[in-house]
């Protein structure tokens, strides 16, 4: 029925999106969802070009970066992806993911993401460690990064006025800079306080 996989996927996604009344959040994960899966590159991928052309503009497209688990995300890469998809991507960040290797547990701070990325994103999803308690530092440091992005974002409307008002006075947001080491130290301080609080609860 369809001349290509991309046209088939876009057609089905568009129909479901319209049938649901075009919800404000509707995400599509393409078959080529990172640079390493694109042939020969994101900007020259016929598949992504078709997805960008055919997918309705209200549909968000998920992207993981250069690889499935990307150590770094750069503004240059996101510009290339934005151009071919004709929209800012939703980053599905697998920095902490360990569902593919249960021996891997990353407890470091959120890092490797260039400053000023927020204005180039439609959203960001963090794929966590499978172990619940191991996600305190990832989520805490992601929050610190997010506040610093709000503080330095040239276009705060991307994050929403409510978010800016709620987080504008938070620690780490004032100067608009992000230090992974400082974020880690803040997270460890709060994690120790949380552990001590739980230890005092009855039955612990």
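Including glycine, each Cβ sits where the backbone N, Cα and C put it.
Annotations in TrEMBL come from automatic prediction, not curation.
The domain 'GH84' annotation in TrEMBL covers 1-150.
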*Could you tell me how many residues in the domain 'GH84' (1-150) are helical, how many are strand and how many are coil under DSSP?*
63 helix, 16 strand, 71 coil
*Note the mean pLDDT of the domain 'GH84' (1-150), expressed as a whole number.*
95
